[in-house]
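Visitor: Here it is: the structure, laid out below.
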Amino acid sequence: MPKNSKVPKRELDDEVIESVKDLLSNEDSSDDPFKKSELMVDDQEEKDVDVEEGSDVEDERPAWNSKLQYILAQVGFSVGLGNVWRFPYLCQKNGGGAYLVPYLILLLVIGIPLFFLELAVGQRIRRGSIGVWNYISPKLGGIGFASCVVCFFVALYYNVIIGWSLFYFSQSFQHPLPWDQCPLVKNTSHTFVEPECEKSSATTYYWYREALNISSSLSESGGLNWKMTICLLAAWVMICLAMIKGIQSSGKIMYFSSLFPYVVLLCFLIRGLLLNGSVDGIRHMFTPKLEIMLEPKVWREAATQVFFALGLGFGGVIAFSSYNKRDNNCHFDAVLVSFINFFTSVLATLVVFAVLGFKANIINEKCVIQNSEKILKLLKMGNLSQDMIPHHINFSSITAEDYNLVYDIIQKVKEEEFDSLGLKSCQIEDELNKAVQGTGLAFIAFTEAMTHFPASPFWSVMFFLMLVNLGLGSMFGTIEGIITPIVDTFKVRKEILTVVSCLVAFFIGLIFVQRSGNYFVTMFDDYSATLPLLIVVILENIAVTRIYGINKFMEDLKDMLGFSPSQYYYYMWKYVSPLVLLCLLVASVVQMGLSPPGYNAWIEDTAMEEFHTYPTWGMIVCISLMVLAILPVPIVFMVRRCNLIDDSSGSLASVSYKRGRIIKEPVNLEGDNTSLIHGKSPSEVTSPNFGKNIYRKQTGSPTLDTAPNGRYGIGYLMADMPDMPESDL
């Protein structure tokens, strides 16, 4: 990137003005709009004004109102539902506290470096994902389009989850909560408990039957669930209103949507620690199982969680960063947001297992009471001898410790016939070992625990309002990853594009609010993002380190930050991160191949989940999701490689100044030294869109940095000077 140097005057023919001063003094008197402007030659780092060719109206790029607003936006995007219902499950499943070790290592190896990379390229080029990768290499412009497609797929089903949370939120304003007890069914002769609920539980029944009214298979659509359709519409209306003005509208909402979840989590943590059994849950959570940490599966799942927790590859990180000042310390932002994300996951894990410990304690108490009654019956029937029961045991007020003592004695004495007695061990650890994640945690396990809270409706309202805000924060970044690059590339009105995108997404999203919609959510969650995003981020890494050049990128960072980043990032970006990502991609493909493609269907008769494989058309949909998401990459590459689209209108232009007018002339970039102005070799000058803009400053306008592809605009080079030697630059 060029430093603070000026273009020297040169002896040129009469048609070329020698200096900016002469240029402005020799304008035509009829050219009033141009008289009011001056060519920008100073290094103004805070400006971003794009003036289209032939336009007298400035199109100022929006900017964040404050650094806090930007940080909250990035935190809101990266901290999502996965921090609450995915991370605790992985922590429990993969060694408890020991899982934090591989997670932190991979956060340092791929998380922070790749997050820093996306922040830096967005801030450096000041465009969305399409413009950024088009700028680095037009042949890799498909990376940005692939990110947009993945964002669209994810937004389709992610907003459905927000709709589910809105439904539960609306149902929480009543006491007792509607999922507190099983409903009663009346017929002509008597009243009885709903069989499906009796076989499962009140919260499970409410989720599958009352909320989703779920069908028994993917092929059985069952028509629309109107309650969820209305909630989905409400969710998309909220997104549309929040995003319609871009960051100017969504940025203000970030103060609430990003901070409110922390208030709720802290309230839940304080309340949870006061509950009986919460310490058991937390102790179980963080008891390290070091032997599990050596398994490759643990590292694969930790890497996947790091990857998706930070929102890498979606384009939202790049879009948010593109509205920053160029001298913003994006390295500090990357480290800060990454560790906020990590500590949020740990906080959410504490909350989840404090509450689940309380729930396990209640279930364990019920288990002790029920099995104590069985022992009393066995004693009365003579199947058990009173002599084997210790004298201090009182079955009317027996504790869990006393019950386990009696259980162990009976198991030793009646070793051969013990199984026929039907007694259970009633261990809290057994209940805590039942791994729950996703909707099963949020809408079943957690809701069941909250029914035992004092003032349970209040806590239910707080919890589901928190889920709504977590979802909204992630959706803002996801939608921004779609809107920003399209607006930057095709210059459409943001308001119209936002409304149209939300309408289209709502109508497509109706497939998720059928009675079989939950199965489609599972399908999209499993297949629409994982592999495409891994491929996208690998290509991003290659584009920056190999195509653009890691050394030039490090120079750009030094110029932006005011200091040289650590060489740690140099080696991470060039060697370690691509290798780790490639291993993760291979492991994900192998895992996908070994796992039978299918879903868990809810069977009404048995009130249990049953694994079903996808039908043939379902497999076609799964494969199509992955192919469609990554298809823009080879398509754009072939189009650029074979010159199927005329780039003449979009190539970088030289500018000749004749009688005070700016005349844009396309130039052949091969061997042209114009590329040197941007700190790039001729073969690497790219984005055709940037060449259409002339950067200038209106009199009286604020000082902003305007060139998206460097500190200097393209108007510095005069036409008819293709042979300017490099030394003169």
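Just so you know, glycine gets a Cβ as well, placed from its N, Cα and C.
Pasting the feature list from TrEMBL:
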type	residues	note
BINDING	Gly76, Val79, Asn83, Asn341, Leu470, Ser474	Na(+) binding site
COMPBIAS	40-57	compositional bias 'Acidic residues'
COMPBIAS	683-706	compositional bias 'Polar residues'
REGION	23-57	region 'Disordered'
REGION	674-707	region 'Disordered'
TRANSMEM	70-88	transmembrane segment
TRANSMEM	100-121	transmembrane segment
TRANSMEM	142-169	transmembrane segment
TRANSMEM	226-247	transmembrane segment
TRANSMEM	259-282	transmembrane segment
TRANSMEM	302-323	transmembrane segment
TRANSMEM	335-356	transmembrane segment
TRANSMEM	458-483	transmembrane segment
TRANSMEM	495-513	transmembrane segment
TRANSMEM	533-551	transmembrane segment
TRANSMEM	572-594	transmembrane segment
TRANSMEM	614-639	transmembrane segment
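Walk me through where these features lie, including what they touch and how far apart they are.
Guide: Of all Cβ atoms in the protein chains displayed, 28 besides its own lie within 10 Å of the Cβ of Ser474 (Na(+) binding site).
Tertiary proximity for the transmembrane segment (70-88) is limited to same-chain residues at least six positions away from its ends with a CB under 8 Å from its CB atoms, namely 64, 161, 247, 250-251, 254-255, 257-259, 261, 285, 305, 308-311, 316-317, 320-321, 323-324, 333, 336-338, 340-341, 344-345, 348-349, 352-353, 437-439, 441-442, 467, 470-474, 476-478.
Sequence-distant contacts of the transmembrane segment (142-169) (same chain, at least 6 residues past either end, Cβ-Cβ under 8 Å): 81, 128-134, 211, 227-228, 231-232, 234-236, 238-239, 313-316, 439, 442-443, 447, 460-461, 464-465, 467-468, 471-472, 474-475, 478-479, 481-482, 485-486, 505, 508-509, 512-513, 517, 520-521, 524-525, 528-529, 532-533, 535-536, 539-540, 543, 625, 628-637.
Nonlocal intrachain contacts for the transmembrane segment (335-356), taken as residues 6+ away from its ends with a CB within less than 8 angstroms of a stretch CB, comprise 71, 74-75, 78-79, 83-85, 87-88, 91-92, 100, 103-104, 107, 111-112, 115-116, 262, 265-266, 268-269, 272-273, 275, 278-279, 281-282, 284-285, 309-310, 432, 436, 441, 445-446, 449-450.
Long-range contacts of the transmembrane segment (533-551) within its own chain (CB-CB distance under 8 A, at least 6 residues past either end) are made by residues 114, 117-118, 121, 133, 136-137, 140, 143, 146-147, 150, 307-308, 312-314, 570, 573-574, 577-578, 581-582, 584-585, 588, 630, 633, 680, 684.
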Visitor: What residues in the same chain, six or more past the boundaries of the transmembrane segment (302-323), come closer than 8 Å to it by Cβ-Cβ distance?
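Guide: For the transmembrane segment (302-323), the sequence-distant neighbours (Cβ-Cβ under 8 Å, at least 6 residues beyond its ends) are 61-64, 70, 73-74, 77-78, 80, 82-83, 86-87, 90, 94, 99, 102-103, 106-107, 110-111, 114-115, 118-123, 125-129, 132, 144, 147-148, 150-151, 154, 247, 330, 333, 337-338, 341, 345, 474, 476-478, 480-485, 488, 529-530, 533-534, 536-537, 540, 580, 584, 588.
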Visitor: For the transmembrane segment (100-121), which stretch among 259-282, 495-513, 572-594 has the most Cβ pairs under 8 A?
Guide: 572-594
Visitor: For the transmembrane segment (226-247), what are the same-chain contacts with Cβ under 8 Å, counting residues 6+ beyond its ends?
Guide: 62, 64, 73, 159-160, 162-164, 166-167, 170, 211-212, 253, 320, 323, 472, 475-476, 479-480, 483-484, 494-495, 498-499, 502-503, 505-506, 509-510, 512-513, 517
Visitor: Excluding Gly76, Val79, Asn83, Asn341, Leu470, Ser474 themselves, which residues in that chain have a Cβ inside 8 Å of the centre of the Cβ atoms defining the Na(+) site?
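Guide: Counting only non-site residues, the set is Val75, Phe77, Ser78, Gly80, Leu81, Gly82, Ser258, Pro261, Thr344, Gly473.
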Visitor: For Leu470 (Na(+) binding site), just count the other CB atoms lying within 10 A of its CB, please.
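Guide: The answer is 29 other Cβ atoms.
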